């Protein structure tokens, strides 16, 4: 017997309740005792639970933490969601910020004569970016299989510490060959982090809550870019300290932060919502009642998240079922096409701004408004998708928004004011990756729980495969406006938007057929 990946709502009322919140005893009594105070505020999850087939409810009862008689209020559920946001989502974002810092530090180093110090060309830097993405692609699925096998909260922090150590060592490179090696290692260790933690966070939330959380999680990428852009203004001034260039100190400081974040993650994140035994600060997480509420609400929303399923190994059949779902793969290919722009934008925006005529380190700071706008766009899409759905429209709209930025900076005639061209750079920075967070929830909501680590890994692999092509788009001979490169990105982003709309249409048709 298999669980259905979707649960229909029902209007049947809850019948039983637990003792008052905070009571140590979890015995049940009649809901009538609380009818006046809770009848209008009982969580909708009880109605959904009553609508589940009896066979599924019998299977769920066997799962640790699930309580088929548990009743709680909307107010309790709201408080638990907010607590989970602070205890799980925000710390995961902090670790993600360190990942993004280590990815973007090369972009900020470019304004500190990084290429000249290493005797490198811009095209050799493109090669380093390609090698970095190859490392991620090769190890994405293997790392996620290991994360699911040993627990993402145990395995992934070790990789965080590893790439942080490599980042620190990157401060002493002296040529492009050493840069190739360090970027390959950083990419290898970073592989699996994003889909692994996205999968881990999915254990704590209902499916209709994930879009906003994934958007917030992904906004850590732009938050890191803001931090890096501002911090680099001061860090790069350390050039000459201890005989090191400013960009070396950038790698050292951000690498140390990453190692500290990895150690924190290893200590902080528990195995599951119901019994956070590994956390050294477990009392900050959930009481027994709260753990049962969390587990029950998540399993009622999606019974495929049972421990029986979560603790199993990923099989070849799971992989085959995932890659044979052409509708969901349309989303992956949409990401592959639309994300080609993120590698050149992420790597070269401060450098492009500098080439437009803005001086030195100020180019790093001038890129920050684009990153801030990207955060706003990402969160706006996440909140709106959580309320009204329509992932496809938001993804397509944001890809089209990045096209406006590409055209803005590449088409104006020579002699156009640098301030006008700066607007184009900020537009493409804001839109180029703001749709990625909601794509994670989009694919997650349309596959079985066993397939989620796989589809999330495929999505991130697509993003990094896009980076292979994107890394070679902006060529030195096309500087400073990179007209040919940006016009190529217009085509890839437009095709990605079309695929997103086709995926949305196909998935809506499938739902209508099932109903």
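Glycine is no exception: its Cβ is also placed from the backbone N, Cα and C atoms.
What TrEMBL annotates here:
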| type | residues | note |
| --- | --- | --- |
| COMPBIAS | 1-12 | compositional bias 'Low complexity' |
| REGION | 1-46 | region 'Disordered' |
| COMPBIAS | 32-46 | compositional bias 'Basic and acidic residues' |
| TRANSMEM | 86-104 | transmembrane segment |
| DOMAIN | 88-511 | domain 'Major facilitator superfamily (MFS) profile' |
| TRANSMEM | 124-143 | transmembrane segment |
| TRANSMEM | 155-173 | transmembrane segment |
| TRANSMEM | 179-202 | transmembrane segment |
| TRANSMEM | 214-235 | transmembrane segment |
| TRANSMEM | 247-269 | transmembrane segment |
| TRANSMEM | 328-353 | transmembrane segment |
| TRANSMEM | 365-385 | transmembrane segment |
| TRANSMEM | 392-409 | transmembrane segment |
| TRANSMEM | 421-442 | transmembrane segment |
| TRANSMEM | 454-474 | transmembrane segment |
| TRANSMEM | 486-507 | transmembrane segment |
Quiz prompt | Interface-richest range of 86-104, 328-353, 392-409, 454-474, 486-507 toward the transmembrane segment (214-235), CB pairs under 8 Å | solution = 86-104
Exercise. For the domain 'Major facilitator superfamily (MFS) profile' (88-511), provide the mean pLDDT of the predicted model.
Key: 87
Quiz prompt | the transmembrane segment (421-442) versus listed stretches 86-104, 365-385, 392-409, 454-474, 486-507: most Cβ pairs under 8 Å | solution = 392-409
Exercise. Flag the pair the transmembrane segment (155-173) / the transmembrane segment (365-385) as in contact if three or more Cβ pairs fall under 8 Å (sequence separation 6 or more).
Key: no
Practice problem: Check the transmembrane segment (454-474) against each of 124-143, 247-269, 328-353, 365-385, 392-409 and return whichever range has the most CB pairs under 8 Å. | Solution: 328-353
Quiz item: Taking residues 6+ outside the transmembrane segment (247-269), which of them lie with a CB under 8 Å of any CB in it?
Solution: 88, 91-92, 94-95, 97-99, 101-102, 105, 108-109, 112, 114, 117, 153-154, 156-172, 200, 228, 231-232, 235-236, 238-239, 241, 278-281
Exercise. Can you tell me which of 86-104, 179-202, 392-409 gets the most C-beta pairs within less than 8 Å of the transmembrane segment (124-143)?
Key: 179-202
Quiz item: Mind checking which residues reach the transmembrane segment (179-202)? Cβ under 8 Å, same chain, six or more beyond either end.
Solution: 88-89, 92, 95-96, 99, 102-103, 106, 118, 120, 125, 127-129, 131-140, 142-144, 146-148, 152-153, 155-156, 159-160, 162-163, 166-167, 169-170, 173, 210, 213-214, 217, 269, 305, 440, 444, 452-453, 456-457, 459-460, 464
Quiz item: Under an 8 Å Cβ to Cβ limit, what residues of the same chain, 6 or more beyond the ends of the transmembrane segment (392-409), are close to it?
Solution: 334, 338, 341, 352, 377, 381, 384-385, 421, 423-432, 434-435, 438-439, 442, 481-482, 486-487, 489-490, 493-494, 496-498, 500-501, 503-505
